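Undergrad: Structure incoming, see below.
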Amino acid sequence: MCVCVCVCVFDDRAWYPLGRIIGGTIYPGLMVTSAAIYHILNWLHISIDVRNVCVFLAPLFSSFTTIVTYHLAKELKSPGAGLVAAVMIAIVPGYISRSVAGSYDNEGIAIFCMLLTYYMWIKAVKTGTLFWSTMAALAYFYMVSSWGGYVFLINIIPLHVLTLMITGRFSHRVYVAYSSLYVIGTILSMQISFVGFQPVSTSEHMGAFGVFGLCQIHAFVDYVRSHLNKNQFDTLFRAVISTIAAAGVLTLAVLAALGKIAPWTGRFYSLLDPSYAKNNIPIIASVSEHQPTAWSSFYFDLQMLTFMFPVGLYFCFSNLTDENIFIILYGVLSIYFAGVMVRLMLVLAPVMCILSGIAVSSLLSTYMKQIDDVKVEKKKQRFEGNYFMRSEIATLFVCVMSVFLVMYTLHCTWVTSEAYSSPSIVLSARGHDGSRIIFDDFREAYYWLRHNTPEDAKVMSWWDYGYQITAMANRTILVDNNTWNNTHISRVGQAMASSEDKAYQIMRELDVDYVLVIFGGLTGYSSDDINKFLWMVRIGGSTDKGTHIKEHDYYTPAGEFRVDKEGSPTLLNCLMYKMCYYRFGQVYTEGGKPPGYDRVRNVEIGNKDFELDVLEEAYTTEHWIVRIYKVKDLPNRGA
Amino acid sequence: MRGCRYLLLCVLVGVLALGWCQGELNKDLVNKKIERKVDITSQVVKIATKITLENSGAAPVKSFLVALTPEEKEKLSSIIVQSGGSVLKIRETKVDEQPDVAFYKVDLREPLNPSKTVNVDVEYILTHILEPYPASIQQGEKQLVKYSGNHYVLSPYPTTTQTTTVAVPSPNIESYSRLKPTAHTDTSITYGPYESVAAFSEDAMSIHYENNSPFLTVTRLERMIEVSHWGNIAVEETIDVLHNGASLKGPFSRYDYQREHNSYSSIKSFKTIIPASAKDVYYRDEIGNISTSHMRIQDDAVELDLRPRFPLFGGWKTHYKIGYNVPSYEYLYSSGDEYLLKLRIIDHVFDDMTIDELLLTIILPEGVRNIKLETPYPVERLADTLHYTYLDTVGRPVVSLTKKNMVEAHIQDLSLHYRFPSLLMLQEPLLVVLAFFLLFLMVILYVRLDLTLSKDEATESKMRVSSHCEQVHTHHEKRARLYEKLEEEIHKLKSSKDVAQSQTTTKKIQASIKDETQFINDLVGKIRADSTDYADKVAELQKVDKALRECVVQQLTNVEKLVSGKMSKQQYMDTDNPLHRKKEEALERIKSLLSAI
């Protein structure tokens, strides 16, 4: 029922003048979950604000994740491994980064859903009952409703089945588990309107479908084999398999050529080929989360798990079962994907914890036993000469492991407090005397917009700030973080990158009342719009209407991007430059430096004394981080 | 019941008013002397008039009239008439001869006898009467406002002599109307004295001057008071503030604002004063905590220096919440089950404040009855509603009232009488206890209920076996400890050489070992019913144990022999070593068996 409600909702406050069909462009899981919790609590007269529900949803679900991780690792190895894995995931920074209070994001619940599905899947494979397969399908449905990352899931489970087939571990249990999961899960997932018919039409889902077919064939072959003798069977098998393979490949090719199967979508392609997105889709490459992961960030987010991961893999290999094959596949694949995209560190973190949990628990239980033995049979040492200094080494090992675990805890606490605990909307810096200076400029500007502009005012800004403006300023915006329409974003990029006259035409066309830019030159806040500007140029120039915007115009002849006197004239006269640096040329920012010294780029700006013709300064925040301009009306005729 | 009472009251008032209207103006009264002070330094206009009334007639006079022009009436926020330090009763009324003028009838404390005089002070406050002129200014400009009034004091009685002093904030006056005699100093303009002014004289006064004091209006104040009988009163005020001075024309330049300090009429911050006992103060809005505020705790009050997120220029508005807790013992008085809540209808928001609209809601505890409200000035009481929050069942009664156009003079206490049986205090804790009890009860029942359709023999027998095996473990542990004791005895015997003493203890120990072994033997039978596998293992354990026991007993007899000299030392060593080894082997075997069980 909730899904239907979502479908009907149309948001005319964003993507002006297009608007956005909410149900068709988002995964509803997060909202439905929070609304359900809110209504249940209020029905019980626990009068909690919906905002508080949203704020604490991610921490709540991360605690659920901990529980599910325990059960998953318990299924894979032992309760001990489960406990260690749960403890590890409870504090791993890679996951905390997305589950702190206030991070109301799809990923917050999606990781829980993903692990829940894996747990149900493993249960289903182990028992081969319809009950667990159906539960797995339901968990999968919840996952589909909450995050686009479900594609990972619907590929890894078939891959697991395929591996089981190849290794000759295919059984009735697997057949029941996968067939029911695929059928129920696919039908359920098609109920999400954002997903729609994708599960039967796009190539991302074809793997799952193919494996489903293979399952049927495999089962049928097994059945035939039980009725024929070996020779007959072999002949039959060879003939049938070659025909089917040829027919299958042909059908796929034809369907793809006819466009019945959608080509690989950009985001997924960039997973397989890291340079794909950068070369083809600037909007995907422009997000820092979509950049390849640096090695240091693996250590930063996972610490000792990076080293325990191979150990865990070893233990899984040493005791190969159906479910261990699954976790091996999951681990290896996700480590590849995490290397491609920083954002997917989130998918890697749970499997790292599980495998490390298995490793630590196996190692400790091996060595702890040796210590235990020694204590009980103190007197009988002379009869146990098979290991040299058995207890001492065991003790030493356990001590080293404890030190590792303590270091892990300390590291996690430090990373969490240092990197993931501060709100990104309120910035803080240390003053000369060590006191804390708070830059609350974002909220200042948004609140000004909320109360001192007409209620139907249209605000143009780069898409990064779209959601913030919608939520905090409650004003209509042109583009937001749901980057569903590339050309519209490109139009905004063109306006920012054009000269004032051209930009004015675009802004009139889009009916813009206010323009908002983020400027860090006074405070040294480095992720401002000038530093993002090249992306605006690239995205702006990537569509037909923006062919007049060429990236090389914004570079100096030497190919540098500079805002000082050497900078290209196109850059120094474009709308974005003018909005950021309007009247900044008079400001002394640092002692001993000329006025108009930009503290992010560390240069004196090149174009200082200019006036704005089509805009007027409407508001600038205390530290100049947010600057809002009002678009002037057309001048009166003859004036 | 209450309706009836109101009806009665209305009728009474109506009758009184009618009766008075027919009783026209009293022509006998004369204003001997009027001194008026008009304060237009802030955004509100405070007018204080000192009148010396004389009864020139023959009959004593009980009451007199105060007149206001229609414009003043419209902007009037509060009016107080005092005489000799006590407040006089005042009531709005109408006079047929002068339908446009608003009148207030003031009852004198004691009738004014013929040819006697009395001094009365009339103080009233007008809001929104100062008009910004020009209506919009640029960022660096000063704010000019226009005051329009009356050169004479409007009175239904003739006046012998009157003077008006207008206090202005600065010497910068663009223009002012002159009705001679007038005098102008830096901070005031004096009109008069005017002699023998007829009743209802009017002459337009207009002053156009610079006024940069904060023109800040609370357009709506929602004050919510939540009373808890557990000792706390929570106050939360949701405030909409508008700068209603001259509106800002053209751009706002942050550079000019920071460098040149020429934004005269803009408001950067203001002070709010809340009760001294307030704690847990918060200052926030829809998007979270507002980080720019300071709190100073003083002896008699807590002073908050509130800075909105952005400076307020003319026409700009903001919205915020301020909340705090105060202990209830300062405001809540009780006698038995009867309670009296006495607290302020509004509190100070900023100096010279004006509040266009107030909505006060008081949330009382669940189960409160017989609510009676008394206010020091008339307010409009809204219908009572119910409020549901944590652990509520029937809902908390909410008393709400509203009033328009309020100023600082309205900061006064209201009294709310109600009845609250103190036993109801226990309702919520009991509710929690009950809820948890039910929860636990359900869990208890659930774990004891067997909801399976068919009995699962396999798991049940498995569970039986495992419980039996556990018993085997405990018994075996006991036995192992007994063995240890036995060995200790052997050691003791070696040193003490007291065979008789040792024999008694070892006998006892051996008997207990036998008991334990018997227990385990019984268990073997039980286990065999479910699992022969485990039973075999336990039987094996028993066998090994028997070997072990024999070894130990042999050792014991050897030692006894050694001590009593029946065996030489060498002989003892020779027999003991193989025994020891055997024992070790047995122990090792037992260990592996135990771990398998």
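Heads up, the Cβ atoms here are built off N, Cα and C, so glycines get one too.
Worth saying up front: this structure is predicted, and the values here are computed from it rather than measured.
OK, TrEMBL features for this one:
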- A:10-355: domain 'Oligosaccharyl transferase STT3 N-terminal' (DOMAIN)
- A:21-41: transmembrane segment (TRANSMEM)
- A:53-73: transmembrane segment (TRANSMEM)
- A:79-96: transmembrane segment (TRANSMEM)
- A:108-125: transmembrane segment (TRANSMEM)
- A:137-162: transmembrane segment (TRANSMEM)
- A:174-194: transmembrane segment (TRANSMEM)
- A:206-224: transmembrane segment (TRANSMEM)
- A:236-258: transmembrane segment (TRANSMEM)
- A:298-317: transmembrane segment (TRANSMEM)
- A:324-342: transmembrane segment (TRANSMEM)
- A:348-367: transmembrane segment (TRANSMEM)
- A:387-410: transmembrane segment (TRANSMEM)
- A:449-517: domain 'AglB-like core' (DOMAIN)
Undergrad: Are the transmembrane segment (A:324-342) and the transmembrane segment (A:108-125) close enough to be called in contact, which here means at least 3 C-beta pairs under 8 A that are separated by 6 or more residues?
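TA: Between the transmembrane segment (A:324-342) and the transmembrane segment (A:108-125), contact is present.
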Undergrad: Could you give the mean pLDDT over the domain 'AglB-like core' (A:449-517), rounded to a whole number?
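TA: So the average pLDDT across the domain 'AglB-like core' (A:449-517) works out to 91.
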Undergrad: Counting only pairs at least 6 apart in sequence, do the transmembrane segment (A:174-194) and the transmembrane segment (A:387-410) share 3+ Cβ pairs under 8 Å?
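TA: Counting Cβ pairs under 8 Å, fewer than 3, so no.
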Undergrad: At a C-beta cut-off of under 8 Å, are there same-chain residues at least 6 beyond the transmembrane segment (A:348-367) that contact it? List them, or none.
TA: 65, 69, 72-73, 76-78, 80-89, 92, 94-95, 111, 114-115, 301-302, 304-306, 308-309, 311-316, 327, 330-331, 334-335, 337-338, 394, 397-398, 401, 405
Undergrad: Going along the chain, which residues at least six beyond the ends of the transmembrane segment (A:108-125) come within the CB cut-off of under 8 Å?
TA: 29-30, 33, 57-58, 61-62, 64-65, 68-69, 71-72, 75-76, 95, 98-99, 132-133, 135-136, 138-140, 142-143, 146-147, 149-150, 152-153, 157, 160, 173-174, 176-177, 180-181, 322-323, 326, 330, 346-347, 349-350
Undergrad: In the same chain, which residue numbers or ranges, 6 or more beyond the ends of the transmembrane segment (A:387-410), come under 8 angstroms Cβ to Cβ?
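TA: Long-range Cβ neighbours of the transmembrane segment (A:387-410): 88, 91, 303-305, 360, 363-364, 367-368, 370-371, 373-374.
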Undergrad: How about the transmembrane segment (A:21-41) with the transmembrane segment (A:79-96) - do they touch, taking at least 3 C-beta pairs under 8 Å (6 or more apart in sequence) as contact?
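TA: They do not touch: fewer than three Cβ pairs between the two stretches lie under 8 Å.
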Undergrad: Sequence gap of 6 or more, Cβ distance under 8 Å, 3 or more pairs: do the transmembrane segment (A:298-317) and the transmembrane segment (A:79-96) meet that?
TA: yes
Undergrad: In the domain 'AglB-like core' (A:449-517), how many residues does DSSP call helix, how many strand, and how many coil?
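TA: Counting residues by DSSP class gives 37 helix, 10 strand, 22 coil.
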Undergrad: Most CB pairs under 8 Å with the transmembrane segment (A:236-258): which of A:53-73, A:79-96, A:137-162, A:206-224?
TA: A:206-224
Undergrad: Hey, which of A:79-96, A:137-162, A:206-224 has the most Cβ-Cβ pairs under 8 Å against the transmembrane segment (A:53-73)?
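TA: It is A:79-96 that shares the most Cβ pairs under 8 Å with the transmembrane segment (A:53-73).
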Undergrad: State the non-local partners of the transmembrane segment (A:206-224) in its own chain: residues 6+ outside its ends, Cβ under 8 Å from one of its Cβ atoms.
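TA: For the transmembrane segment (A:206-224), the far contacts come to 154-155, 157-159, 161-162, 165, 170, 172, 174-175, 178-179, 182-183, 186, 199-200, 233, 236-237, 244, 248, 252, 261.
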